[in-house]
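Undergrad: What TrEMBL shows for this protein is this:
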TRANSMEM  35-58  transmembrane segment
DOMAIN    50-288  domain 'G-protein coupled receptors family 1 profile'
TRANSMEM  70-92  transmembrane segment
TRANSMEM  112-128  transmembrane segment
TRANSMEM  149-169  transmembrane segment
DISULFID  CYS172-CYS179  disulfide bond
TRANSMEM  189-210  transmembrane segment
TRANSMEM  230-250  transmembrane segment
DISULFID  CYS259-CYS264  disulfide bond
TRANSMEM  270-290  transmembrane segment
REGION    332-352  region 'Disordered'
Amino acid sequence: MSSLYSEYLSPDKVLEHYNYTKETLDTQETQSRKVASALIIIICCAIVVENLLVLIAVMRNSKFHSAMYLFLGNLAASDLLAGVAFIANTLLSGRITLRLTPVEWFAREGSAFITLSASVFSLLAIAIERHVAIAKVKLYGSDKSCRMLLLIAASWLISLALGGLPILGWNCLGHLDACSTVLPLYAKQYVLCVVTIFSVILLAIVALYVRIYCVVRSSHADVAGPQTLALLKTVTIVLGVFIVCWLPAFSILLLDYACTVRSCPILYKAHYFFAFATLNSLLNPVIYTWRSRDLRREVLRPLQCWQQATGVQGRRGGIPGHRLLPLRSSSSLERGTHMPTSPTFLEGNTVV
């Protein structure tokens, strides 16, 4: 074991593994590669800004301190960190990759796995919360906020443990024949284990939503109000976007496990699949703000304040034709009571 950890600081190990798993080492910094890297960094910066605005909106307004919005805030936090991890991954790719030590390489790739795990567990927590609130007709009260925060903390601890397994020893250093082609220092068994865990969790989430829809569509359900269905539709869209964005990357990792070394050339194009997966973190905040008028107002507040401070809109500031409305009290879905579903109420204080 000590000899294994002594290799973590070896400057030649990464090059050795890449030489074994790759047919060629194309590390030349071409103009097209520089443009692609710059585009990815710009997208990742947009991911960071979007999710930061969502987090600020959730934290600064007490209306969003209910279980549902806190879980969405946790998902936004994982997406924000994913954007930071993707920026670091891009800056440390190409020619720089071969100059990394194994411990630096594990930190680079492990951060992406940790944020992915946090996103999956956040989706699971949201599904459980919806199932408890709708199928069981129960809600998280203020006395259960500690339990909710513990659930969020546990999801991050599990994510850290899962993403940190390779640096703790579950890797292929010293066993080149067991190495992944896509991730040359990761053991194929580890990659298969992670993808299997994520796939099982996603299937469980889909099963929970199917059950929820069966409950709210049944003639005996008394919770199938417009707000309930709208919020359920929102989180279902979030789940669907996650699956669409990450399914190609999961498929390429499963193919990586099945293929012998250098037998599947498509594995050398895996970075395109992971670049497509980053769109998930970019789209999630758009879905939140598009579906929730209250959250959209709150997200726009920092932008309006910035416009007023810089004088873009003149003396009066603000966005022309847009008037900030005070946020109403918590919706009936989060309080467990049924409010009148008048057009004004549904327009101003619900997920639309």
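Glycine is treated like the rest: Cβ placed from N, Cα and C.
Quick one: where do these features end up spatially?
TA: When Cβ-Cβ distances below 8 Å are used as the criterion, the transmembrane segment (112-128) is approached by residues 68, 71-72, 74-75, 77-79, 81-82, 85-86, 89, 151-152, 155-156, 158-160, 162-164, 194, 198, 201-202, 204-205, 208-209, 235, 238-239, 242, 246, 280-281 of the same chain, each at least six residues removed from its ends.
Sequence-distant contacts of CYS259 (disulfide bond), defined as residues of its own chain at least six apart whose C-beta falls under 8 angstroms from its C-beta, comprise THR181, LEU267.
Sequence-distant contacts of the transmembrane segment (270-290) (same chain, at least 6 residues past either end, Cβ-Cβ under 8 Å): 40, 43-44, 46-47, 50-51, 53-54, 72, 75-76, 79-80, 82-83, 86, 119, 182, 234, 237-238, 241-242, 245-246, 248-249, 251-252, 256, 296, 299.
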Undergrad: Just to verify a number: CA distance, CYS179 (disulfide bond) to CYS264 (disulfide bond), in angstrom, no decimals.
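TA: CYS179 (disulfide bond) and CYS264 (disulfide bond) have their Cα atoms 14 Å apart.
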Undergrad: For the disulfide-bonded residues CYS172, CYS179, CYS264, work out the Cβ neighbour count at 10 Å and name the residue with the minimum.
TA: CYS264
Undergrad: To the nearest Å, how far is the Cα of CYS172 (disulfide bond) from the Cα of CYS264 (disulfide bond)?
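TA: Here the two Cα atoms lie 20 Å apart.
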Undergrad: Across the domain 'G-protein coupled receptors family 1 profile' (50-288), what does the pLDDT come to on average, as a whole number?
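TA: A mean pLDDT of 86 is what the predicted model shows over the domain 'G-protein coupled receptors family 1 profile' (50-288).
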